[in-house]
Amino acid sequence: MILARHAISLQRRRSYKSSIKDLNSLQSNAQTIQALRASGKMNVDAIPEMRSWLAKAGIQQADLDELNVIHVAGTKGKGSTCAMTASILSKYRLAYGRSPRIGLYTSPHLVSVRERIQIDGEPLPEEEWTDYFYQVWDALAKHGDARPVYFRFLTLLAFRCFIEEGVDVVVLECGVGGEHDSTNVITKPVVAGITSLDIDHVHVLGHSLPEIAWHKAGIFKEGAPAMTVEQPTEAMEVLEKRAAERQVTSFNVVPIHPALDTVSLGVGGNVQRINASLAIALANAYLTTQGVDENLGRTLPKEFIDGLEQVRWPGRCERKVVDSVEYCLDGGHTTASLQVAGSWFASLPQADGSLALIFNQQSREADLLLKDLHASLAGLSFASVVFCTNKTFAQAGYADELTSLNNATDSVEALEVQHNLAKTWERLTGQKAEVLPSIEEALAHVKKQGSKRVLVTGSLHLVGGALAVLGRGPE
């Protein structure tokens, strides 16, 4: 009877909301992250530790080998490429008489953490999420109180979900880098692809493109094909060398597919033609293993076109109208991706009313990135400019699923970054900007000023928070 009462009590305490609270407890605070960066152990111990967590969670390497993984690394366009790859595959009926069940694992999320783990284009429902979450949580508890950090746990959860749900193929996005990323316990991928490279995560990956390319190419595996898009020469040389060292079956550089000139991609921005071309090649690599032999010369099969046109990937060159105000949201957070965001915004048809900018970049070289964005905006004039933190709401603080402990609390609360950004903007334009403590207040301010088109950029966390305030949950 006591055991039964305990089980009932435990069941009542366990809910989707409690799983989010438990998951957030696995986040590393700013001080811990700084110590790990200084020690260099973020890289050295990563894969051995991840393999240990897999064993404790009861996930066998043989199970992972059967997932038919399409593994994707890169700096820019990873998520878009993965989404397009999955969308293309969803249009096919294969030898077993149905469309393949497709697992998709990406990061970060925008509004709900469930966005990271999708099956057949849908985030894992709350009930299933909670069930699988506590399966993994309890399996680890049998080995002591220790738990893996946030992203490692989510990767374990994704693997558990995909194995139990019996998916046919998994499109798997790396978190950071490749060589030491938590996803790189995959040893037998169907294919590995690398999107465009840029300088990012320098504390882990290095300060140069060759160093970054070395890490990204860590997902290349013996016996599997590898591919990438056009890269700077110094990066391409490293990718080619790593491909040879890893004894991949082939290494191809994917050009922009000529048929894309007449395809209306479901994800905005001209740069997406590069990502779409890689997605075409990745999807075709899997289809070939399933006996589907498509001729991808100068034309594309209808399934490819439908997949590319019907894909949706929120927060990337996204336009959304709420209460007669158009919000243009892009999560660009590197030099190149912010240049893309700025150029995209500047290329839009002239707005019927004044423009506004909401920007934040909390943990990178924010001033330099703001300068890059400004240079790409083609001299546009903004009636209102706001720099805010990634805190979601003015009174309630962070939305539960957008809580972040990765930045120093004192710095965030003092708005140090935001005040520095305002000074930089004034030096660039002569215009004074507003500094506000939350996304909710920033959105309210530009609306009150009468802005009709608002660019929200600098961080996927900022964009996700804006979408939460504007009222959209996961789609």
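Including glycine, each Cβ sits where the backbone N, Cα and C put it.
What TrEMBL records for S107, E173, H201 is Mg(2+) binding site. Residues annotated as ATP binding site in TrEMBL: R316, D330.
Each residue contributes its Cα atom, and for D330 (ATP binding site) and E173 (Mg(2+) binding site) those atoms are 19 Å apart. Counting only the Cα atoms, the space from R316 (ATP binding site) to S107 (Mg(2+) binding site) is about 13 angstrom. Sequence-distant neighbours of S107 (Mg(2+) binding site): residues of the same chain at least 6 apart with a C-beta under 8 Å from its C-beta are G79, R116, F151, L154, E173, G175. In this structure, R316 (ATP binding site) belongs to neither helix nor strand by DSSP; it is coil. The DSSP secondary structure for S107 (Mg(2+) binding site) is coil. There are 27 other Cβ atoms within 10 Å of the Cβ belonging to R316 (ATP binding site).
Just so you know, the Cβ of E173 (Mg(2+) binding site) picks up 23 other Cβ atoms within 10 Å once every protein chain is counted.
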